[in-house]
Structure formats: C-alpha cells, structure tokens
Amino acid sequence: MHKNNKLPEPSFKEALTFWFKLGWISFGGTLGHVHIMYNFLVEKKKWISASRFFHALSLCMLLPGPEAQQVAIYIGWQLHGKKGGILAGLFFILPSMFILLGLSLVYVTYGQQSWMNAIFSGLKPAVVVIVLHALWSVGRKALHTVLHYVLAALAFCCIFFFNMPMPYIILGTIVLALLIRWSWPALIYRGAAGQEVEQASEQDYYINQTSPGPGKHFSVKLLLKQVAFFIALWALPWTAFYFWAGDFTFWNGLILFFTQTALFTIGGSYTVLPYVAQFSVSKFNWLSKSQMVDGFALAETTPGPLIIVVCYVGFMAGFNHFGGSLMMGGIGLLATAFYTFLPSFLFIFVGGPLLEKSRENALIKDVLGFVTAAVVGVILNLTLFLGRQVLFPGVLTWSKIDLTALIWVVVSMVLLFKFRWNVIYLILLSVLYGFLSILFTK
C-alpha cells in the first residue's frame, strides 16, 4: 500500500461508524464539521496528517458546494477508495436530510412546536462554542508566520466591516499570495525553520505528506468516462420525471435551478442561501418569506451543512405547488438533495488526480497556506456573528443579554476546552439543558 505501513490500516467499519456519527452531530456549519473531523481523524486517530487535511480543506474552499462534505468525501476516498468516499459523503448528509424531512412534516402539519424551540435554545449556545473551538484548532495549525496572522486579520476586517463576499476574499488572498511569492518570497518561508518539527512528525500519520493518493493517475480518457457517468446519473431522475411525473415544467425548473446552484456558486452557504431565498420566494413563488425564514431556523439547528436548507425549500416547493401534498413535498426534498449534493462527488472523484498533483506544486501549496490563514479570519467573524445572534437576540446592549444562553456558553467552553468533552455528549447535554430551561422559565 502507498500509506504509512508502520501504522495499522484504519478499519473500514470504524471509519463508517465515524461518518455515520458525524452526520448526526455535525452542528455549527462548515467550521463545526471541520472541527469534529479534525479532532477525530487527525488528533485522535492519526489517520491523516494536519498538512494533508488542511490542503484538502483549502482546495475544497475553492470549489462550489458544501466544503465540509467534500472534505469528508476526499478523506473517505483516501482511506478506503471510492466506496469510502461515497459512503462518507452520503452519511454526512443523510441524517440531516431525514431530520429536516421530519421537521418539515411537523412544521406544515402543526406549525412551530415548543419542543423544537427547547432543542434550539440549548443547541445554539453549544454551537457557538463548537465554532470557537474550531477557530482555536485551525488557528494553531494554519498560522505559522506573522504574514499569516496579518492575512487572517485582513480577511476578518473585510468580512466584518465591509461585508465582503467570501469569493472575493478568497480571490484577493490568491492574488496577494502570488504577488508576495513573486516580489518578496522570504516573507513566506521565514517561518520554515519552525515548521521542520511538523514535517518530521508527518510519519506519525497513516496518510501523510509523502503518501500518494489513490487518484494519482490522470488521463483524459478516464476523465471523459467519469464525466459521462455523472451526466448519466444526473439524467436518470430527470428522465423519470419527464415520463411519469405530473407537471414536468415544475420539476424541470426545480432540477435545473438546484443543479445550477450546486455547480456555479462559490463561497459557502452564506453566499448561496441569499440567492436561493431570493429566487425561491420572489421568482418561482415556491414558498412565502415567513416560510423561508422558518426554514433557516430549522436548518441552523439541525446537523449537516447549512446548505441543507435547500431540502426544506424543495419540500415546501412540492408541498405548495401540488396543493398541500406531503408526498410531493417529500419527492421535492429528495430531488433537491440529489441535485444539490451530486456535484460534490463529481468534483472530488473526477478532480481527484488534480488534487493529488497539486500537493507536489510548491506554488499551489504556498497559495493554499494563505487561503487557510484567511479562513481563520472568516471563522472569527462567524464566531462573533453566531455569538451576537445567540447572546443578544434583540438589541446589542448588556441589559438585553440572554443569561440562559450565556450560562450555557460558559459551561460548554469549560466542557470542551478544559475537559475535552466529546462533542456528542455536549450536544446531548445541550438538548437536555434546552428542555430544562424552557420548562423552568415558563
């Protein structure tokens, strides 16, 4: 094998168990997911080194679609081939998809329920701390030089003070990296001596910097075959809708819209979702503004990528268009999920050889190091954004702070930072806290 043979090969069963658990506990958006994967795969199991992990993350940040799912597909593929990548990607989204289906059924049947609010009130403070812990974990590994710290600060200022879209931040980071590498390369390598220890420790990991990946062989013929396979896979449900579904115009519009969304939107969920909300509500009239807002609330507090809210949009589109049909709503949700997440598998499996070749390119490695540093600034902004929403749900004044949420933020920080609690236990305890806080404040 091309992996580190001094370490035991990761068990396929154990890996599947982790991917399955991840689908149920991956709260906190992309950075929450990244933190959970990094904590288990890199720090606990040593299945993949930090350098390989962050290289994959930086590349996936440049791709359309949910970055965390793409990282899961990539690592699953590296560990156990294509079957590992497929199952990692599926397990990452299936739990949240079916949870959201259940919540959507409850929502359209009974409206918002008090038990939902109880779960949300306990989970939200914990999610803030999970993202804060991700900031700490990623920052320790990504910020090697003064220049990295400066870049993280610049990225934070751009998004916090000027609300700059994520794609522009990434593009600006790439341009800046190229300029510095061309004009003053010593700035990039000034911290190289401090990184020698990290390079020496690469051999402690099953997949490390010197491990060639399974997709190292590239050919145009193979590329065309894989693209043709994904096109055929894309066409199968579309063909079924064409021949057997009523009102094909509706289904065709839904399929094309979410395919376009998945293929051509870069910058993470917070970039994509305003676009989806605008077109779903204003152009297609699939759901109302209030239903869209409620959908965001449901998706924010379910595991999986935030982009999973599009499944709710698909459900409401089918439900509303076909006169309140729960079955059509369910089909709309499944179709939306299929066409939203299929491209992630395409990007990783078809682009895998290019991902592997990029590890050998010093220029790409330097640029991606800058991108990862910029991501730290973005995580800091997300931490403040979530903290503001959770601790100050109304006006931003100390007199309006949510003390119940503040207490649980502090408790969660102690459990996660000091006692290194498993995120699963923190989430379960947070749900219990939410129920108790609602019960005793009535």
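Including glycine, each Cβ sits where the backbone N, Cα and C put it.
For 20-42 (among others), the entry in TrEMBL reads transmembrane segment.
The list of residues near the transmembrane segment (86-108) in space but at least 6 beyond its ends in sequence, with Cβ under 8 angstroms from a Cβ of it, reads 15-16, 19-20, 22-24, 26, 33, 68-69, 72-73, 75-77, 116, 294, 298-299, 302-305, 308-309, 311-312, 315-316, 319, 324, 326, 329-330, 333, 337, 341, 344-345, 348. According to TrEMBL, the transmembrane segment annotation covers 86-108 (among others).
A Cβ distance under 8 Å defines the sequence-distant neighbours of the transmembrane segment (114-135), meaning residues of its chain 6+ beyond its ends; these are 27-29, 31-32, 34-36, 38, 103, 106, 297-298, 300-301, 376, 379-380, 382-383, 386-387, 389-391, 404-406, 408-409, 412-413, 416-417, 423, 426-427, 430-435, 437-439. Annotation comment: TrEMBL describes 114-135 (among others) as transmembrane segment.
Look at TrEMBL and you will find 168-189 (among others) tagged as transmembrane segment.
For 227-245 (among others), the entry in TrEMBL reads transmembrane segment.
According to TrEMBL, the transmembrane segment annotation covers 251-276 (among others).
For 297-319 (among others), the entry in TrEMBL reads transmembrane segment. Same-chain neighbours of the transmembrane segment (297-319): 23-27, 29-30, 33, 65-66, 68-69, 92-93, 95-97, 99-101, 103-104, 107-108, 116, 119-120, 123-124, 127, 250, 254, 258, 261, 269-270, 272-273, 276, 280, 284, 286-287, 291, 325-326, 328-337, 340, counting only residues six or more beyond its ends whose CB sits under 8 Å from a CB of the stretch.
Per TrEMBL, transmembrane segment is recorded for 331-355 (among others).
Listed as Cβ neighbours of the transmembrane segment (367-386) (distance under 8 Å, sequence separation of 6 or more from its ends, same chain) are residues 29, 31, 54-55, 57-59, 61-62, 124, 127-128, 131-132, 134-135, 138-139, 142-144, 147-149, 151-160, 166, 169-170, 173-174, 176-178, 181, 188, 358. Sequence annotations record features per position, and here TrEMBL assigns transmembrane segment to 367-386 (among others).
Annotation comment: TrEMBL describes 398-416 (among others) as transmembrane segment.
Annotation comment: TrEMBL describes 423-441 (among others) as transmembrane segment. Residues 21, 25, 27, 35-36, 39, 114-115, 117-123, 125-126, 129-130, 404, 408, 411-412, 415-416 of the same chain lie 6 or more positions beyond the ends of the transmembrane segment (423-441) yet place their CB under 8 Å from a CB of it.
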Per the Cβ under 8 Å criterion, with at least 6 residues separating them from its ends, the transmembrane segment (20-42) contacts 48-50, 53, 57, 66-68, 71-72, 75, 91-96, 123, 126-127, 130-131, 133-135, 137-138, 205, 268-269, 301, 303-306, 379, 382, 423-424, 427
The answer for the transmembrane segment (227-245), taking Cβ pairs under 8 Å and residues 6+ beyond its ends, is 251-252, 255, 259, 335, 338-339, 342, 345-346, 350
Short question: which residues 6 or more past the ends of the transmembrane segment (168-189) have a Cβ under 8 Å from it?
-> 61-62, 145, 147, 151, 155, 158-159, 266-267, 363, 366-367, 369-371, 373-374, 378
